[in-house]
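Below is one structure, written out as structure tokens, with a few remarks after it.
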Amino acid sequence: MSHNLLKGKRGIIFGALNDMSIAWKVAERAVEEGATITLSNTPIAVRMGQVDALAEKLNAQVIPADATSVEDLETVFAKSVEILGGKIDFVLHSIGMSPNVRKKRTYDDLDYGMLEKTLDISAISFHKMLQVAKKQDAIAENGSVVALSYVAAQRTFFGYNDMADAKSLLESIARSFGYIYGREKGVRVNTISQSPTMTTAGSGVKGMEHLMDFSNKMSPLGNANADECADYCVMMFSDFTRKVTMQNLYHDGGFSSMGMSLRAMNQYSKGLEEYTDENGHIIYG
Ligand SMILES: NC(=O)c1ccc[n+]([C@@H]2O[C@H](COP(=O)([O-])OP(=O)(O)OC[C@H]3O[C@@H](n4cnc5c(N)ncnc54)[C@H](O)[C@@H]3O)[C@@H](O)[C@H]2O)c1
């Protein structure tokens with residue numbers, strides 16, 4: 001259902017790969033709410049993924065770019081302003097990738113060249129985006145920029161590896177740039193910390209299905225899915241959040257404020273029973 005929350009607004013959505021991508025859902029919702037948008041992803045993702053199909057459906061143009069390349073980003077912002085016919089009102093950074101995770105390098109055996117790539121792709125690209133946009137003065141007054149994060153920036157999660165460091169940096173960039181961009185141009189910069197979600201990037205996390213189940217049982221409202229995340233992003237792009245900036249906003253069904261829930265505890269004790277010997281002693285508890 002549309003509320004015309006983004007009527008007349010222009011946006012750039014980075015990171016839609018396929019119909020599981022959070023960015024894909026955000027693009028669909030933004031257009032449904034009245035926005036016109038451009039889409040961007042790496043040249044290879046554009047070739048191999050389904051971005052063109054989404055573009056056709058939403059009547060949007062695709063501008064391929066590696067988000068670690070300042071030059072590519074300059075093209076995305078300049079072309080988007082030209083195509084959409086004016087300054088940009090909202091930007092979504094929905095980009096993440098860790099070569100260490102892909103190559104199954106554990107956190108105590110990181111390849112540092114790969115760590116640099118993780119940080120560049122997943123966090124510094126956000127700084128590059130903001131810096132390019134500001135230098136071009138491509139974002140309109142009261143514009144809104146959102147990047148997607150995860151609670152592993154604050155707490156340690158098994159298997160999240162160097163992406164945890166990338167997310168910490170990403171959230172820090174939102175605060176540091178948010179101050180400057182807010183002060184000088186009235187532009188809001190926030191991160192949304194989303195529940196684990198089954199996407200291409202998500203399925204790269206070790207034990208993703210178990211993590212999702214645990215997180216779901218821990219959260220009073222259950223996990224937030226990609227469609228719900230898209231709703232939240234639309235609200236953050238809308239004029240209803242004009243004074244929200246430099247925040248990391250949890251969109252996780254309450255997970256981040258929980259210590260232990262009854263559902264998770266019950267599941268845990270069921271698991272323990274499996275490791276109890278005939279005398280009732282816990283073997284591996
Ligand atoms: N899925 C989850 O559980 C979850 C939870 C919280 C936050 N997030 C974050 O949401 C964002 C989107 O991920 P997703 O889950 O929708 O997965 P996804 O795999 O659909 O999206 C990741 C995107 O990053 C793009 N990308 C990778 N390298 C790039 C580069 N150099 N330049 C430009 N784009 C590049 C990919 O092509 C892809 O479109 C990521 O930042 C991710 O960390 C995901």
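Cβ from N, Cα, C; glycine included.
A TrEMBL annotation is a machine prediction, not a hand-curated record.
Quantities reported herein were computed from a predicted structural model and do not represent experimental measurements.
According to TrEMBL, the feature active site, proton acceptor maps to TYR150 (among others). Secondary structure at TYR150 (active site, proton acceptor), as computed by DSSP, is coil. Listed in sequence order, TYR160, MET163, ALA164, LYS167, SER193, GLN194, PRO196 are the same-chain residues at least 6 apart in sequence whose CB falls under 8 Å from the CB of TYR150 (active site, proton acceptor).
Counting every protein chain shown, 23 other Cβ atoms lie within 10 Å of the Cβ of TYR160 (active site, proton acceptor). Marked as active site, proton acceptor by TrEMBL: TYR160 (among others).
Secondary structure at LYS167 (NAD(+) binding site), taken from DSSP and collapsed to helix, strand or coil, is helix. Look at TrEMBL and you will find GLY15, SER21, ILE22, ILE95, LYS167 tagged as NAD(+) binding site.
The 6 Å Cβ screen around ligand 1 retains ILE95 from the recorded positions ILE95, TYR160, LYS167, ordered by sequence position. Within the same chain, the residues at least 6 positions away from ILE95 (NAD(+) binding site) whose Cβ sits under 8 Å from its Cβ are PHE14, GLY15, ALA67, ILE121, SER122, SER125, PHE126, listed in sequence order. When every Cα pair among GLY15, SER21, ILE22, ILE95, LYS167 is compared, the largest distance found for this NAD(+) site is 18 Å.
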